[in-house]
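For ARG16, HIS17, GLY18, GLU19, CYS20, LYS21, ALA22, ASN23, ARG66, the entry in TrEMBL reads substrate binding site. Annotation source TrEMBL lists active site, tele-phosphohistidine intermediate at HIS17. Residues or ranges marked as active site, proton donor/acceptor by TrEMBL: GLU92.
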Amino acid sequence: MNGNSETIKTTIYLVRHGECKANLEDMNLPPEIDVLTERGKKQAAVFGKHFHDVRFDRAIASTYSRAYDTATKIIANLDDKPELKQDSRIREREMGVYENRRMFDLFHDLFAAAREGTHLLDFEVEGGEPVAELDARMSSFLEELLDSIRQRKKSETILIVSHGVVIMRMMFKLSEWSKDPARSISLKSWEPQKVANPIKNTGYHLLTVEVPKDGQGTTLIDMGKIHQTDHL
């Protein structure tokens with residue numbers, strides 16, 4: 001960050017959806033039937049009530065109903081209601097052979113692969129979405145988001161409602177980009193072991209993105225508040 005440059009700070013609430021049927025049953029369910037439970041609906045409403053006076057300039061949700069419905073219920077309880085846009089790039093990963101099976105089956109195979117040397121984020125799912133495709137769509141979303149923050153030249157507060165695995169991968173992707181000098185991204189308060197822990201339903205990471213107003217210099221991303229559940 002150029003010390004002589006005025007900066008603009010944007011705040012991002014990166015939220016996991018409320019409790020859904022798959023969470024309750026500990027199963028991998030098809031997205032069309034994996035809807036919010038009554039508890040999940042209440043969690044989303046409570047989030048909105050807790051942050052009722054936060055003015056969100058933008059709101060974005062995954063196209064899967066459990067995330068979109070979470071965002072809808074959050075917004076319904078806000079004083080100022082932003083327009084909600086859906087984005088399929090932040091939907092959860094397609095789970096192939098693990099669909100309609102217990103989560104235990106996935107974790108059993110995931111950790112078995114890890115013991116053989118496969119990084120957890122590189123685990124391929126038979127019949128599911130390849131890691132490269134998941135990474136490409138998620139990266140596209142993040143790049144567009146950061147570019148829009150740099151170009152708008154005004155402070156904003158953004159609500160993003162997505163899924164546990166995708167949220168974790170987004171955080172690690174930002175860390176990866178911070179190691180690339182060409183991207184001019186600097187991370188503050190990066191704790192990879194903590195980020196890798198599962199995020200609770202309607203838990204959220206609060207990120208700040210600080211960019212030079214003149215467009216020159218480094219983008220500073222502060223990850224100082226992760227796994228927040230103060231509304232629950």
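Please read every residue number as a count from 1 along the shown chain.
Every residue, even glycine, has its Cβ placed from backbone N, Cα and C.
Any TrEMBL annotation is an automated prediction that lacks curation.
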Cβ contacts of ALA22 (substrate binding site) (under 8 Å, same chain, 6 or more positions away): ASN28, LEU29, ASP34
Query: Within 8 Å of the Cβ centre of ARG16, HIS17, GLY18, GLU19, CYS20, LYS21, ALA22, ASN23, ARG66, which other residues of the chain have their Cβ, at the recorded substrate site?
result: LEU24, ASP34, LEU36, THR37, GLY40, THR70, ASN201
Message: Give me the long-range Cβ neighbours of GLU92 (active site, proton donor/acceptor): same chain, 6+ apart, Cβ under 8 Å, in sequence order.
response: PRO31, SER62, TYR64, SER162, HIS163, GLY164, VAL165, VAL166
Query: So what sits near the residue listed as 'active site, tele-phosphohistidine intermediate' in its own chain, CB-to-CB under 8 Å and at least six residues off in sequence?
result: LEU36, GLY40, ALA44, SER62, TYR64, ARG66, ALA67, ASP69, THR70, VAL161, SER162, HIS163, ASN201, THR202
